[in-house]
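Per TrEMBL, these features apply:
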| type | residues | note |
| --- | --- | --- |
| DOMAIN | 266-358 | domain 'Transglutaminase-like' |
| ACT_SITE | CYS274 | active site |
| ACT_SITE | HIS332 | active site |
| ACT_SITE | ASP355 | active site |
| BINDING | ASN395, ASP397, GLU445, GLU450 | Ca(2+) binding site |
Amino acid sequence: MSALGLQSVDWQMSLNEQAHHTDKFSSQELIVRRGQLFYMSLTVHRCLDYNRSATFTASTGPYPSESAKTKAVFPLSNRISGTGWGAQLLCDDNNVLSISILSPANAPIGRYTLSIEISSEGNDSTTKLGTFILLFNPWLQADSVFMSNHDEREEYVQEDAGVIFMGRTNYISAIGWNYGQFEEGILNICLSLLDNSLNFHRDPATDVARRDDPQYIGRVLSAMINANDDYGVVSGNWSGNYVGGQDPRNWNGSVEILKQWQISGFRPVRYGQCWVFAGTLNTVLRSLGIPSRVITNFNSAHDTDKNLSVDVYYDPRGWPMDKGSDSVWNFHVWNEGWFARTDLSPSYSGWQVLDATPQERSHGVFQCGPASVVALREGNVDWDYDMPFIFAEVNADRTTWIYDAWTGGLKKSSSNTHTIGKDISTKAVGSNSRMDVTEKYKYPEGSSQERQVFEKALRKLQPSMSFRATSTRTFREEREPSISGKFKITDILTVGKEVNMALMLKNLTGDPKTVMVNMTAWTIVYNGTLVHEVWKESVSLSLSPNEEIQHPVKIAYALYEKHLKADNMIRATAVCEISDETEVVVERDVILDNPTLTLEVLDQAHVQKPVTVQILFSNPLDELVKDCKLIAEGSGLMLGTLEIDMPNLRPREQSQVDFEILPTRSGTKQLLINFSCDKFSAIKGMLPIKVVE
């Protein structure tokens, strides 16, 4: 830029980042949002005059092109006209040029290089001014991610911590999750995620050009967060054996996962399960400026054959059978991103399902979504993207079968139209309480609208069928059962204690009945994966006419101790057979409570002032607890994670740990704790801490 003699560039970082709501990012680079003016000043040796003209070039990606809108050339003028790229000279004072620059509201997001060309009396000289990062702009009505509600924007874009709901229907719990989208280096990692995608490797020019569209980016990210097809972030594991990696329950947030992925040279981080994929995707979406939230669906169906029915099999002994590829997960976690669907009518914009958990391939890749939540509610399963699979997750019927391997016989035990897709949950705006969004996904269970939508979806998926889905296999027709049954909890369920339940059986007829009952109990992973059989019993029970009895079920700690996974889940099953009648299957998944951590901050927390946190833990067992480790994490409270190895704990002994944190930002921040040892895989603690300036 010899024609002007450039001395320095001032990117007006503080001014711009306040105005663009990017001031929370830890970055030395200017971060702005598209469609909104930003300001800079150039200090030069010579001022501009009528002999000299200036032209800016903004470009992104390895093959910038004006036709692909990844390169823009625009003059410095006295005013900006139109909605494309533009630059205005605001002031030329003592050789300091004050300039405003506007990007289009539909520009591709990413890292841009900005240069200036000076033309003076036939001589041209070009100088690179530097780079800046352009993000989506939920504050701007012209942007396709615009969100009008202030409180929702603060929650779904700016909030860097939250909770994710888990457990099972009627026993919902929450864990804290550190999204940490503003932590140092995280935005750069999110941008490198896009540059490691299959789409970028196949055709980088087209991929970068399509980054103007949150719909496209959401779909790419749903593939990149899992490591199944590409250079993705997290490797999934539902086996219960996590040797060679981290038990998925031990993660406190996305920051360490994303950093580990980058440091390793983009090798998959081991291991994740659905909430890990969803928590990590939420970080990336919010970092790039797409409003997003984490959704939990309880009793979530995995329907592989698009018949809107999941088939579950047991043998006559009560053993769950790994037969068929359908399954029902106690819970499943996915994301919603907020943006316009330009391929659909405007009423289907808004929340869109994105699911990064690798379950089924879509166009040859483990990716899922975006699927309009409004369209799901209306049963439009023939629309893009992956609507049949997601519709089934919240709407499928559940059919239970008894399979006799000796004879090959298949008997239908029951079919239930209302157990799938319960208590669909997300974090409420402004608090950690649970907000139920089930009615956003479907009409009330059992209502005429809900059944009509189900039939509509089924006709679209299987046009030749105008009736409810049934199995294509031959089976004995089910009769009305003569008995009913359920498992009842009779004592507090706690790890380290005996599991006490009762099998309740009721004779529904006026005739006496003799019931042969085969019961089993297995430790399981939350998605139904069987880990180990820990208990079984066979018993013959007599019921008088219309009598209800209860049979005690006791599972000693010694039986399940070595086989319980961090999910703390046990599945009890009873196959109840009356001669020449259809068996009745009774099942229940129970969750055992962990002991609790007591967390306390010992003084008022101030920015850049150390404060002590105290943690208390009591060993509830009558045996030694070894290999104790505590991991602490919290955006705005500490840099990175803190790992503390703790001494062994004798039976019933209480342990106290004190450590210091150094808050870096004011506001209410969330401290997350994971305690693990040889007897307890993942005990979670969460403490909100108010930090003042």
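Cβ from N, Cα, C; glycine included.
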For HIS332 (active site), identify the closest of the recorded positions CYS274, ASP355, ASP397, GLU445, GLU450, judging by Cα separation.
CYS274
Checking the contact step here: among the recorded positions ASP355, ASN395, GLU445, which have a Cα within 10 Å of the Cα of CYS274 (active site)?
ASP355
For ASN395 (Ca(2+) binding site) and ASP355 (active site), what Cα-Cα distance in Å is obtained after rounding to a whole number?
17
Candidates ASP355, ASP397, GLU445, GLU450: member of the recorded positions with the richest Cβ shell (10 Å):
ASP355
I want the residues beyond ASN395, ASP397, GLU445, GLU450 whose C-beta is within 8 angstroms of the mean position of the Ca(2+) site's C-beta atoms, in chain order.
VAL394, ALA396, THR417, HIS418, ILE420, GLY421, LYS442, GLY446, ARG451, PHE454
Taking just the CA atoms, what is the gap between GLU445 (Ca(2+) binding site) and ASP355 (active site) in Å?
24
Where ASP355 (active site) and ASP397 (Ca(2+) binding site) are concerned, what is their Cα separation in Å, rounded?
21
So what's the mean pLDDT when you look at the domain 'Transglutaminase-like' (266-358)?
94
